[in-house]
């Protein structure tokens, strides 16, 4: 089975590894995003999928086109894929590509929920009790094609973005292999477009928080752990946040307790414990040390 794989981040790399490791599958090409400037020095960083292929010296050609027009359409045709697999690629496939071979997208939600760029973030932010993933036959609309298969699990503990992404990626790898190997016998299911919800691309401003609702702040700390993290108006980052309770009413940002575990901060609804704080341009500090440096005490306001 000849597969062209289209994917970019670490989530997609987990899936690519599973395909490469399967004896029935030959990955005949990787399409991924272009290398991008990263960090303060703006050094070019390759997508994780590309890095995986290069570091393991795999004989898989890598393509990083700016768009999927000619000559890329002809390149895809020449690779003669049985399937084109798309996992967090970051580009919309034009009709000319969709007609080359069945295009199967692995999407990290139980479609039609959370179509779009940030489904895992949305599952966390909405405090979902069930996490899931779907394989879908792609069409010209965004994440609207027929559902092929899906898998899910019941949440037992809160998971941050990295942990949930990894768990869903491994679940998704098994699901995708099942879809590819059983494609001809799978009964496709049309999506109920009336039930669809959409999620946007995450931006830096999404990390801005205040001390209004403890549960919401805690969920944002999980969803935005890797980037953009969560921060106050003055840029102070709140690191390692724990939800303590979500009922009592306090002044916004009121310091309730200070100990070695962190600072207990009140919200209009609930309270959170924050283990570390990081001022703009500074290294992270234990919350207790940061507060001492700012001469903030119990009863003061963290803002």
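Any Cβ shown, glycine's included, is placed from N, Cα and C.
Among the features that Swiss-Prot reports, (6S)-5,6,7,8-tetrahydrofolate binding site is placed at 109, 110, 111, 112, with the record citing sequence analysis.
Shown here: features listed in Swiss-Prot, placed on the structure.
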residue : record                                     : Cβ contacts under 8 Å, 6 or more apart
109     : (6S)-5,6,7,8-tetrahydrofolate binding site : 115, 119, 120, 122, 123, 132, 133, 134
110     : (6S)-5,6,7,8-tetrahydrofolate binding site : 130, 132, 133, 134, 150, 152
111     : (6S)-5,6,7,8-tetrahydrofolate binding site : 134, 136, 143, 147, 150, 191
112     : (6S)-5,6,7,8-tetrahydrofolate binding site : 143, 144, 191, 192, 193, 195, 196, 197
With the (6S)-5,6,7,8-tetrahydrofolate site defined by 109, 110, 111, 112, which remaining residues of that chain have Cβ atoms positioned within 8 Å of the Cβ centroid?
107, 113, 114, 115, 119, 132, 134, 143, 147, 150, 191
